[in-house]
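Feature annotations, courtesy of TrEMBL:
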type    : residues                          : note
DOMAIN  : 24-98                             : domain 'Mur ligase N-terminal catalytic'
DOMAIN  : 110-306                           : domain 'Mur ligase central'
BINDING : 112, 113, 114, 115, 116, 117, 118 : ATP binding site
MOD_RES : 221                               : N6-carboxylysine
MOTIF   : 403-406                           : motif 'Meso-diaminopimelate recognition motif'
Ligand SMILES: CC(=O)N[C@H]1[C@@H](OP(=O)(O)OP(=O)(O)OC[C@H]2O[C@@H](n3ccc(=O)[nH]c3=O)[C@H](O)[C@@H]2O)O[C@H](CO)[C@@H](O)[C@@H]1O[C@H](C)C(=O)N[C@@H](C)C(=O)N[C@H](CCC(=O)O)C(=O)O
Ligand SMILES: Nc1ncnc2c1ncn2[C@@H]1O[C@H](COP(=O)(O)OP(=O)(O)OP(=O)(O)O)[C@@H](O)[C@H]1O
């Protein structure tokens, strides 16, 4: 049994009603999960206020309620802990409850608009091949060494993070690589974690539905670096215009990486093709199977982190050449008749621009670049015309289609994207609502050596329409269609 006062260590308490010497079982912030002797944390959310569920939580057996405002009627058998911010309190309690597991391994957080999944997954892969026990908390999967767990969020809530870190402690994981999203930072999901290092990849427009302005989005990301301790490192992409800004107030030791600016970790791109990249990293040549300039940044970040964690240089570079591409991130497939297919998770204007520029750098001008792209529903609407403009400018043919419309009307999302397509690009742009049909049209249009880029969903194996998820896998579908068409 755990005693309440033990999990309250370092929680900023405003007032207490009842005893802190009571035994507790679990902590939950959802009243529906509460059983006898659990602690209920009343979070003020985006769509609901947890304070409205205090009564339900107590009815389900909660013997402790953590809240920002005390209910008008308190029950004598229940302990009420009033705090300033329930999400902050939850993060501190989660860490106490699981015995501060982030202190028992080296935790590296990677933040930025694009590249988080790629960098964390490659670090996991590299450290595994070096023989370490490794953890990964990413958008695609959570890994406790070799064991996989599904995940819905990029950065889970603080209770979930701490429970996986505890499991990592139990199996002797030494390094954990974790994606840190802006929602995660804003909602204190990573508060109180003992980070050995933080990495900033880049910043461009995204998530304005949540953060409202770009400045607010940027400053939330910066908070992650403000919270790093002086024993850790902060590594930033100095070629990004916000790269140095991120490190302005950090106490951690600071390092830079980049292609254009002189800094601690440098990469030169020597050759690029659909087979990979030849790079010179800090004076040593290395071949990698990754495509695209942006992956030179990702690989350099991986090298720099391994170096900062004092993994031997030579092993790093040998390892870089053996790393395998990450699912749905510029995933390349060649059909039996020589049509190139690229499936990529680019769902922001900046990511779409990067993948299209990268592809144009590699392709010869006689080949067509056919882009199939859409935008998700119920998310940042301002990026839609921007993505239409970019797709039109940088492709030879564009098929606008649905991504995950969620609860929105798919055709009105496509209309928003169409608004950004510039007049000179209209004639090469088609709109086809069904993603399956859009991919099929791209397959019919493509000839040998042409390139079909299917952007937006990457590794996802579903499509969400009208709030219902059904099976949908871009790569699987395009392969099947090309086979059916004998292409
Ligand atoms: C906008 C957002 O981030 N929402 C997250 C937030 O939910 P919320 O604050 O809106 O919760 P709410 O529904 O208002 O409910 C308030 C409280 O009442 C409680 N409740 C509710 C009903 C009830 O009967 N009883 C009860 O106790 C809820 O459990 C909650 O504690 O807190 C929840 C718990 O941590 C998250 O699951 C939820 O993520 C939703 C599902 C989500 O989709 N989030 C996305 C936008 C997100 O976080 N994405 C980022 C970035 C991804 C990227 O970079 O692309 C990520 O890290 O994944
Ligand atoms: N370093 C980078 N710079 C710019 N674009 C990148 C970079 N790395 C990857 N991308 C592009 O962004 C897409 C998403 O990459 P990745 O999943 O690694 O990013 P992420 O930060 O984890 O995004 P999300 O949180 O949305 O999953 C890739 O499919 C690719 O198109």
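Here the Cβ of each residue, glycine as well, is placed from N, Cα and C on the backbone.
Location within the structure of each feature annotated in TrEMBL.
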residue	record	DSSP (3 states)
112	ATP binding site	coil
117	ATP binding site	helix
221	N6-carboxylysine	helix
Candidates 115, 117, 118, 221 (recorded positions) with CB under 6 Å from ligand 2, in sequence order, are 115, 117, 118
Keeping only the binding-site residues of 114, 115, 116, 117 whose C-alpha lies within 10 A of that of the residue listed as 'N6-carboxylysine' yields none
Taking helix as H, G and I and strand as E and B in DSSP, count the residues of the domain 'Mur ligase N-terminal catalytic' (24-98) in helix, strand and coil. 25 helix, 17 strand, 33 coil
CB-centroid shell, 8 A cutoff, ATP site 112, 113, 114, 115, 116, 117, 118, site residues removed: 110, 119, 179, 201, 202, 298
Determine the mean pLDDT over the motif 'Meso-diaminopimelate recognition motif' (403-406), rounding to the nearest whole number. 96
Can you count the other CB atoms that lie within 10 A of the CB of residue 118 (ATP binding site)? 25
Recorded positions listed as 116, 221, least Cβ neighbours within 10 Å: 221
Using a 10 Å cut-off, grab the number of neighbouring Cβ atoms around the Cβ of residue 112 (ATP binding site), all chains included. 26
